[in-house]
Every structure is written in C-alpha cells, then in structure tokens.
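For reference, the structure discussed in these notes is given below.
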C-alpha cells in the first residue's frame with residue numbers, strides 16, 4: 001500500500017496553481033519581517049509540499065476596516081501616552097536636579113524674613129568662639145542659640161574643661177554688652193550678686209541696693225558653681241532669670257540680661273534647687289578632650305584673661321579674633337519675637353514632641369520629668385532655630401536640639417538623641433500619600449474625561465505634588481550621605497551633624513527612592529488630568545493603580561469603563 005501512495009503523490013499536480021503562486025509571493029512581499037520563512041514560501045510557490053512544522057499563511061492584500069481603525073486608534077493612544085510622559089519628565093527635571101543643592105541661605109533672602117546677613121554673622125561669631133578651643137563645637141553653638149532665644153545655658157562637668165572660658169567668650173562677641181562674673185560658695189551673700197546696700201538709702205529708711213556693675217545691670221553673666229546659691233540668693237535669682245525683673249526695695253526694675261551661663265561640677269542635690277535647675281533651658285555635659293584630639297589641645301597656645309585668642313606673629317603683630325565679628329546686642333534683641341510671628345510649627349513636629357515626652361515619662365526608668373514650661377520654651381527655641389536658618393517652618397531635623405533641652409541627667413542626652421533619630425528614620429508618610437493617590441486615581445477614572453471635574457482633580461494632584469516635593473527636598477543629598485539639611489544647619493555642630501547623617505543616610509536613601517516613585521506617579525496623574533486623558537490611557541500610564549481600581553472599585557464604576565462611547 002505504501003508504494004502506491006508514493007506513486008500517487010509523485011503523479012499529482014502541484015498543490016498551488018500559477019495564480020496562487022503569484023498571489024502568495026505578493027503577500028509575502030507586503031508583510032514586513034516575513035523573510036525568515038522564505039524557504040517555506042518558495043516550496044509552496046513551486047508546488048512542493050512544505051517540510052514538517054511549516055505553516056501556510058494566506059492573507060489578503062487589503063486589511064479589513066476594523067483592523068485599520070484599530071491601528072489608527074493604537075497610534076493615537078501611543079501619541080497621547082508619549083506626550084504625557086514627555087511632559088512628566090519636563091516637570092520632574094528641575095525638581096530632581098535641584099535635590100542635591102545646598103540649603104545654605106546666606107546668598108539669598110531667607111524665606112523666614114530674617115535679615116539676609118544674620119546667618120553670615122552667626123557663622124562668623126561661631127568661628128570666633130571656636131578659635132583656640134578643642135571639641136567644644138556643640139557648646140559654642142548652644143551658647144549663641146541661648147542668647148538669641150533669651151534663655152540660659154548650663155554647663156555641667158568636671159573642673160578644667162573650659163566652662164568658664166566659654167561663659168566669658170559670649171561677652172566678647174556681643175558688642176556693647178556689659179559682663180558680670182561671680183563664683184558662688186555656700187557662704188555667698190546677696191551683696192555679691194545684686195550689689196551692696198545703699199548707705200544713703202538706709203539713712204532715708206529705704207532698703208535699696210547699688211546695682212551698678214552687678215547682675216541686675218549686666219547683659220551677659222557667668223555664674224560659676226551656680227547650685228551653691230542659698231535661699232537668700234535663690235528667690236531674687238529666679239525672678240531675674242525667668243521674668244527679667246529685680247526687686248530693689250519697694251521698686252521692681254527690669255534687667256537687661258540677655259543670657260546667663262551657669263556652670264557646675266555636679267547636679268543639684270536638694271529639691272529647693274529644682275526650680276533653678278529648670279530655669280536653664282539648654283544644658284550641656286562638658287567632658288574632657290578625647291585622646292584623639294589631645295595632641296591638638298596641647299599644641300594650642302595659651303589664653304589669657306578670658307579674652308578670645310589672638311594670633312601673634314614673629315613681628316609681635318596681634319590681630320584680634322573678634323575683628324570679623326559684627327554681632328551686637330541689637331542683633332540678639334527681637335529675634336525671638338520675630339520668629340514667633342513668622343515661623344510655623346508643623347503637626348509632625350508637635351506629634352514628635354508629644355510622643356517624646358510620653359516616652360520619657362511613661363517608658364523610661366526612672367522617669368524623666370519634663371515640665372510644661374520647658375516644653376513651651378523648647379517650641380519657641382525651635383522657632384528661633386528655623387528663623388535664623390531662613391525657613392518658614394520648623395524642620396524635624398531641628399528637633400535634634402531637644403537632646404540638649406529635655407534631659408535631667410547627662411546620660412539621658414544620648415538616649416533622647418537616639419530616640420529622635422529612630423523617629424526621623426521612620427516611614428515619612430509614604431503609605432498615606434500612596435493611599436491618597438490611589439483614591440485620586442479612582443476618582444479620575446470615574447470622571448472619564450469630564451473637563452470640569454478633571455480640573456478640580458488636577459488641582460488636588462498639584463497640592464499632593466507640592467507635599468512630595470517638600471519631602472524630597474528635605475531628604476536632599478540622602479543618596480550621597482551628605483544631607484545638606486544637617487550639614488548646613490547653623491545650630492548643629494559638625495560632629496553631631498555627621499553622626500546623624502551617617503545614621504539617617506542609608507535609611508533616607510530608601511525612603512527617597514519611594515518618594516521619587518510616588519512623585520513621578522503623582523505628576524503623571526496630574527498631567528493626564530490636565531489633558532483630559534481617557535481612563536484606558538491612564539491605565540497604560542499607571543498600571544498598578546489601574547489594577548487596584550479594577551480589583552477593588554465598585555462594579556457600577558468599573559463596568560462602564562469597558563464600554564465604548566456611542
């Protein structure tokens with residue numbers, strides 16, 4: 001039987017006529033990319049049977065109308081999709097390019113309304129105060145910040161750690177400031193601080209003091225061993241520190257005190273000193289110079305008389321280090337009130353402070369007591385911090401200064417700083433923004449290109465974009481680990497800023513990538529709404545949001561989107 005079949009196949013005519021061969025050749029030439037199957041087509045045209053696995057495709061020389069329309073529609077969709085993407089890249093380019101710019105506001109008008117030259121003066125004064133000192137960058141900045149806030153600084157540490165030197169230097173950079181200094185003992189009397197009694201006043205039955213040259217007339221004061229104050233001194237001292245008032249006889253006079261620096265070798269022991277301890281808003285534990293910096297300390301020229309260091313050349317030409325400092329008492333006055341009027345405190349900062357107090361008082365053992373007055377003053381200090389840095393709002397990075405405000409014992413300072421860093425490293429609202437963006441995408445799909453509703457939704461998307469842009473800029477430099485928001489901060493010392501950047505940099509890099517993805521999606525939705533883009537094109541632009549909308553959206557909203565318009 002098999003030889004007969006082979007014989008029949010050999011005598012059969014070709015399976016394709018000459019006409020069909022010509023048609024097949026024309027179809028092959030008309031179809032792009034059809035060259036790989038040339039051997040099969042030649043076998044069909046010559047009448048030979050194609051090899052096993054080959055397929056014969058027969059197409060008409062003209063396409064159906066529906067296919068032509070489909071191709072035209074695909075081309076229009078592709079044009080719209082590419083237009084939206086191009087516009088998105090145009091909007092994102094300046095945002096992403098400006099992310100790594102430094103945030104130093106010295107060369108432009110500060111957004112907070114602070115004088116443009118104020119930041120330069122602060123940096124110059126900081127350099128002058130640091131000159132000749134080793135590992136005292138934090139204390140120098142706290143000293144200046146306390147003066148700008150009208151608050152007081154406590155330096156706690158063993159003898160011989162430059163506490164007195166720091167206190168004296170503040171008066172050197174405050175042009176025109178009167179300075180008062182006193183060392184207290186357990187036997188100190190009020191006359192040592194507030195002046196002697198007036199003999200002439202006693203003759204006239206008046207109990208008044210001669211205050212000229214004493215604490216009630218000083219602008220900057222330094223009191224060593226401040227916790228040795230007895231009850232006779234304490235009451236008047238508390239009134240001067242908090243209310244800036246002094247009772248001289250039957251008259252209450254206002255004192256010009258800008259800042260008092262207190263120093264002590266030990267914490268207060270009696271409860272009657274707790275009120276005095278609480279008056280020092282800023283606190284710093286001054287330690288010995290580390291072994292790594294000891295060589296630099298030993299090579300430092302000696303200081304004399306508490307004045308700022310001088311540089312002496314071989315020709316005995318002396319140049320005062322304060323020559324470049326132009327801070328005056330007037331520069332300090334009014335900063336706090338201006339900051340209160342122009343700087344906002346975001347809800348995230350308020351939540352951080354509230355949670356920090358709850359942590360200190362409820363979860364620490366022993367509990368760390370934080371008075372209401374201290375919390376209120378700490379917020380005022382954060383406003384001053386933002387104002388002098390040229391910002392309209394307090395940043396979460398400013399809250400790192402709370403580590404020098406809220407501790408009761410020196411060991412708690414690092415614990416507070418670690419808690420704040422951990423809080424800053426948490427998810428910066430990415431999930432909440434993604435949830436809002438998903439809801440906005442669903443409403444955009446239901447709008448189905450309605451011009452009025454698309455405009456309203458585009459405005460919401462624009463507001464969401466501003467939020468994301470602000471967060472992106474706050475994380476500027478996260479990929480390189482520099483974090484200019486920390487590096488250029490006026491009141492964070494370089495060592496503190498470097499440690500914080502090393503801790504937060506890797507974590508912020510991950511958060512920044514998530515924010516960048518959200519920002520791109522938000523801008524894509526905004527541009528699509530501005531162009532009244534139809535839902536099926538938005539599905540191509542934002543496939544993840546489309547899938548979520550189809551999966552979780554109400555059927556009455558989803559079903560009409562698959563039906564063509566009449």
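Glycine is no exception: its Cβ is also placed from the backbone N, Cα and C atoms.
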### Message
Quick test of your reading of TrEMBL: among 77-97, 98-118, where does it put region 'Disordered'?
### Response
98-118
### Task
With DSSP as the yardstick, break the compositional bias 'Basic and acidic residues' (60-73) down into helix, strand and coil residue counts.
9 helix, 0 strand, 5 coil
### Task
Report the DSSP secondary-structure composition of the domain 'ATPase RavA-like AAA lid' (348-420) as helix, strand and coil residue counts.
51 helix, 1 strand, 21 coil
